[in-house]
Amino acid sequence: MTDVTVKSLADEIQTPVDRLVQQFADAGIKKSEVDSVTQQEKETLLAHLNREHGSAPNKLTLQRKTRSTLNIPSTGGKSKSVQIEVRKKRTYVNTPEAEQAKAEEQAQREAEEQAQREAEAAAQKIAEEKAKRAAEEQAKREAAEKAKRQAAEKEKVTNQQTDEKTKPAQTDKARREAEAAELKRSVEEETRRKVEEDAKRVAEEARKMAAENEGKWPEPVAEQTESADYHVTTSQHARAAEDENDAKVEGDRRSRTRGGKATKQKKGNKLSESKADREEARAVGRKGKRKPSTLQQSFNKPVVAVNRDVVIGETVTVAELANKMAVKGSQVIKAMMKLGAMATINQVIDQETAQLVAEEMGHKVILRRENELEEALMSDRDTGAEAAAEHRAPVVTIMGHVDHGKTSLLDYIRSTKVASGEAGGITQHIGAYHVETENGMITFLDTPGHAAFTSMRARGAQATDIVVLVVAADDGVMPQTIEAIQHAKAANVPVVVAVNKIDKPAADPNRVKTELIQHGIISEDFGGDVPFIEVSAKVGTGIDDLLQAILLQAEVMELKAVRTGMASGVVIESFLDKGRGPVATVLVQQGTLNKGDIVLCGFEYGRVRAMRDELGRDITSAGPSIPVEILGLSSVPAAGDEVTVVRDEKKAREVALYRQGKFREVKLARQQKSKLENMFANMTEGEVSELNIVIKSDVQGSCEAICDSLEKLSTDEVKVRIVGSGVGGITETDATLAAASGAIILGFNVRADASARRVVETEGLDLRYYSVIYSLIDEVKQAMSGMLAPEYKQQIIGLAEVRDVFKSPKFGAIAGCMVTEGVIKRNNPIRVLRDNVVIYEGELESLRRFKDDVNEVRNGMECGIGVKNYNDVRTGDVIEVFEIIEIKRTIA
């Protein structure tokens, strides 16, 4: 037979090559994948595998099927035949432990049989020697008797001999008798000595065998047989048991058939025993002398709690936490309910909750960080730490109340007219610009002043070095001014106050200074450290002083940054451009951002395909404190995300996907839990009306601001639910979502495409466009007001005094009244007052004047009034007529 390689042999026997090479190595043959294998080496490997795994089958399955007919008596004295088929299947497993126990039992049995045979042989030998000695004694006795007879005969013949001859004969006889007794005594002693020696030898051998096999055999053989697994039986026992059981079933069937009735089983009948009892009795022994013992479970439940080290990630399900602690999921749910939180077995819980539950159940918690890949990616960055830090331009954020002139002030500095381009003349985006002055460069961030843009102002304060607080001299401190002060204090950045509109006649700078003192902004004139600059964005008054104050403050702060190395920064704003895709406005804080760099930005990543400055010009690099627009990200990032340049695009993608999954898990884990204390609040949720809205905006910041503002409009009766929101134009998907959820579509500075308009027309959806956030919020308020349940108010329209009471066969008591105030109308509800206390409330049944039915009676006229289902009208009562007015409610 030709030799084959290891790889071809592995393909032939369908096993991995590595496993086959390892098996050759275990057999003592060193082979590689391309080496050839001879027939002898194959046989050597096969012999090794047989020794390793064994070639005998370890499992034997017996299947039997018996059919029988059972006659069952029924009503009417007839019997009904029922066909019975009994199918039996038993599997006997020959495990290595069973084989070892069987071999040990066989060895012990053979040793006992050998000892018994040796004892029997010794006893037989002793018996043979004893019989031989008895035969010898018998022969001696017979010889003595024969000699005695011969002597007697000789005595008779020689009776006449002399006494001299007789005396020696008697002496010989006595001597022979003494010799015979001595021989008998010696034979008995020899026999007894040999028997004692044989007994000692057998006992000594038994002791040696017991000492050698101590630890190998169980103590008593009978107990080993009892405690052995009754499944480990020989095939002969199995067949015998099957035959015996079949014979019992067949005999029972025949007895039923002969008697026509099922005979009652006796109390001691073996058929009443369970199958396990019968097999246990068969495993104990076939002789039946020993009573079957009850099987005892060898495993005892531990009574001491086991404390484990539980490793918990940032999120974990209840089932996973239970598996880590080796307990049932129901126990974890009970522990969470004791802590005041309800959860299902598949619910995701956060790390803090899981830690509390595990520690409550007595386990040690090990918190695991899952962002090793992200840390490794961030550590493999060339940050230029060895380079010297250089001075950089300050980042200045313009903040203040709406319409106080922030953008106009910045426009005058930049000598542009951006404010006219903003819808409604208010800023709705963060604008980032850098300006070259005579004393250096300054980067400005213009934030919205409207109340809806709180989060955008907070982001601007966090990314800035200096805050310029713009306050109108004729308007003073307003709510958004106070909020801007709070953002500046939270970000711990210095403030420069610009008192704008100083050219107006109603300007009062001292009033502004006084009002700001209440909020911790103290002017230098009043002994504080905050510079106040009076400016006019319209005529340019004080602009140079403002820039000088900003640069002076920056010089005091000693702002520095490293220009070399990989860049890092923050996203100021982001939006989706129809032609360019996702666009992000990034403020570079460290390093230099170059075209072609791989960036990781929050949940998104990508390569910088293009860079543009605030004027729309293409640039190739941007240093610290320079705002740029970058293209090439995978999607629109969230405003405020950190931008980092990394080396590997593949790892950047993995980190971005990991962040997305982590954010989703954390969001699910931290959703509103069904806690015990708000169960009743959840029961009343069905009574609340919902206004579903789909919002699409041009930039991420505006979308976020609109969503926050609309959610704040929710009341106890009407709830605003944002079904979907995003950046970019209104697409067919958005229209389909609105149709499915019954929502209205609001577009802020965006429009719907043709397919979306087609869906809107087909489904009859409400689509509205806005360019100013004021209008959007006001119209949503109106829509919510229409969903509010109206209020009802009772208004008194007339009073009538009862002057006399008449009886009518048709209406009962009729009150003759004088209208003292207002108008009495026929179809309105009434109240009957007695001593200014309401005693009845109902409606008019009849209103007449001079026997004529009328619809109303005015002040100063008499009339007859019949009250429906009420006859206890008395003189002096007052009848009050009122009407119910519906009042529409509005949301403030």
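Each Cβ is built from the backbone N, Cα and C atoms, and glycine gets one as well.
What Swiss-Prot records for this protein:
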| type | residues | note |
| --- | --- | --- |
| REGION | 51-296 | region 'Disordered' |
| COMPBIAS | 68-82 | compositional bias 'Polar residues' |
| COMPBIAS | 99-217 | compositional bias 'Basic and acidic residues' |
| COMPBIAS | 224-237 | compositional bias 'Polar residues' |
| COMPBIAS | 239-254 | compositional bias 'Basic and acidic residues' |
| COMPBIAS | 255-269 | compositional bias 'Basic residues' |
| COMPBIAS | 270-283 | compositional bias 'Basic and acidic residues' |
| DOMAIN | 391-560 | domain 'tr-type G' |
| BINDING | 400-407, 446-450, 500-503 | GTP binding site |
| REGION | 400-407 | region 'G1' |
| REGION | 425-429 | region 'G2' |
| REGION | 446-449 | region 'G3' |
| REGION | 500-503 | region 'G4' |
Same-chain residue ranges lying at least 6 outside the region 'G4' (500-503) that approach it to Cβ under 8 Å: 400, 404-405, 409, 470-475, 509, 534-539, 541-542
Summary of DSSP states over the region 'G1' (400-407), given as helix, strand and coil counts: 2 helix, 1 strand, 5 coil
Fewest other C-beta atoms within 10 angstroms, as judged across Gly400, Ile502, which are the binding-site residues: Ile502
For Lys406 (GTP binding site), the number of other Cβ atoms found within 10 Å of its own Cβ: 30
For the compositional bias 'Polar residues' (68-82), the number of residues DSSP places in helix, strand and coil: 3 helix, 10 strand, 2 coil
Averaged pLDDT score, the region 'G3' (446-449): 59
